[in-house]
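Features reported for this protein in TrEMBL:
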TRANSMEM  15-35  transmembrane segment
DOMAIN    17-446  domain 'Major facilitator superfamily (MFS) profile'
TRANSMEM  56-77  transmembrane segment
TRANSMEM  89-122  transmembrane segment
TRANSMEM  143-162  transmembrane segment
TRANSMEM  174-193  transmembrane segment
TRANSMEM  264-285  transmembrane segment
TRANSMEM  297-313  transmembrane segment
TRANSMEM  333-352  transmembrane segment
TRANSMEM  358-376  transmembrane segment
TRANSMEM  388-410  transmembrane segment
TRANSMEM  422-444  transmembrane segment
REGION    453-504  region 'Disordered'
COMPBIAS  453-472  compositional bias 'Basic and acidic residues'
COMPBIAS  488-504  compositional bias 'Basic and acidic residues'
Amino acid sequence: PSANMGRAPGLPDGGWGWAVVFGAFVSIGFAYAFPKGIAIFFKEIQDFFGTSYSEIAWVSSIMLATTYGAGPISSILVNRYGSRPVVIFGGLLCGIGMVSAAFCTSILQLYICVGFITGFGLALNLQPSVIIIGKYFLKRRPIANGLAMAGSPVMLCTLAPLNQFLFDNFGWRGSFLILGAILLNCCVAGALFRPIGAARASVKTQATQEGKDALKEEVTKDAMEMSSPTDVPMETKMEEEEGKDCCEKINQYLDFSLFKHRGFLIYLIGNVLMFLGFFAPIVFLAPYAKHIGIDEYSAAFLLSILAIVDMIARPTTGIIANSKWVRPRIQYFFSFSIAFNGACHLLCPLASGYTGLVVYSVFFGLAFGMVCAMLFETLMDLVGAARFTSAVGLVTIAECCTILLGPPIGGTLIDTFGDYKYMFIKCGAVMVLAGTFLFIMNYYNYRMLAKEEKERKAKEEDPKSVRTENEGRNNWNKETAQDGPELEPLREEQEGLKKEVNGT
């Protein structure tokens, strides 16, 4: 009983998995919504420190870039310790970062406290939440991902008016103190991430495999020392083994062979380009509304409208993506969502007055929700659940560069031209280009996959290829038998290990 204590009962696709989805709902909601929600304070912080638009935009950019750039670190920690302790520690970091930010006296200190410390805490909330859903769900995974991703609009819908209320009553310093306490709820969400029962079996199998590998290396080493006519320096051999072990450990947590995966590379390039214009419109939506004379609460309400539509769009997109018509070609649906998002930004400068911005917020929330609901589902569809942890880490570290540069580039355009429309046009053009690229390259990838599958089936049905493979195996056995009797004990040991591993 003590061995199974703390393990989640039941099978995946239900049961405690829905409690895990709720915990992921909270963690993902804070990770995505918080960098956008604090944009409410930017106008006042900008006046307080006397900074430009581009300088104040670095606060959200550093936070978002740290959240994505720390993805590999988060993935390694999840592989080593599990999702629950990582999320709890991330919640503590978020609270510490925001409480420290309340006492900052310069914009540089805000970069460190809000950007790096809080951003790293959010990274430790985002990756484990996405990863653990893939362990609890298979058939209903798109729906579970859509529900978990709905946490972002719910949190944004709540944080936008809440932040404005906190600022009016407590100022931005008092608001940061209260927000630091609110972020500690991530620790409660992380407590719901109970390790699934199969994890213990996989750990046991891994330990058994490591023991067999160590035994095999020892037998091989002894045999080579007995049969070698010359003495090889032991220090050189030890250094080579240590270097090999280090590389194997790194590759165990981050599978760099994914860079040879065609679908993964297409996804990576398209997403790196997309994030150059993905977050800047949300960061500058409320400041833009204040700039054209709209009052503070109405400007904050635009983010709430966006979040409400986003809230409905994410689970709806998850249900559509899980249908039998869309799921086999979900990459096309994802490409369309990105291009649709860019088209909304291109049409935003045509909106005049508050009514136009409300219409833009509705369509932007729909497009934003569609992209976010499929962001990780499409990656898992390409690489599979087994390699998903490494894929998320590698993707986020690559995306952090464009995430870091997106809002400051938009702020620079605003400072240069004195008008927000050039920022929206830049973001829209970049996202339309990214969606078009993904659509074309995914069409090519699907064609190549169909061709490779056809060739594989033809090879399996061809008796000549099977006969050639058997002949090669027989020739190899004959050559091995001629190696001499001195390696016979080693071969017997290796055969015994192979049978034992297969039995396991």
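Placed from the backbone N, Cα and C atoms, the Cβ positions cover glycine too.
All TrEMBL annotations are machine predictions without curation.
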Using a Cβ distance cut-off of under 8 Å, indicate which of 297-313, 333-352, 422-444 has the most pairs with the transmembrane segment (264-285).
422-444
On the 0 to 100 scale, where does the mean pLDDT of the domain 'Major facilitator superfamily (MFS) profile' (17-446) fall?
79
Considering pairs 6 or more residues apart, do the transmembrane segment (388-410) and the transmembrane segment (89-122) have at least three CB pairs under 8 Å?
no
When only pairs 6 or more apart in sequence are counted, do the transmembrane segment (174-193) and the transmembrane segment (15-35) reach 3 or more Cβ pairs under 8 Å?
yes
Check the transmembrane segment (358-376) against each of 56-77, 89-122, 143-162, 333-352, 422-444 and return whichever range has the most CB pairs under 8 Å.
333-352
Sequence-distant residues near the transmembrane segment (333-352) by C-beta distance (under 8 Å, 6 or more away from its ends) are 270, 274, 277-278, 281, 317, 320-321, 326, 359-360, 363-364, 367-368, 370-371, 374-375, 378, 420-421, 424-425, 427-436, 438-439, 442
Considering pairs 6 or more residues apart, do the transmembrane segment (143-162) and the transmembrane segment (15-35) have at least three CB pairs under 8 Å?
yes
Sequence-remote contacts (6 or more beyond its ends) of the transmembrane segment (422-444), Cβ cut-off under 8 Å?
266-267, 269-271, 273-274, 276-278, 280-281, 284, 331-332, 334-349, 406, 409-411, 413-414
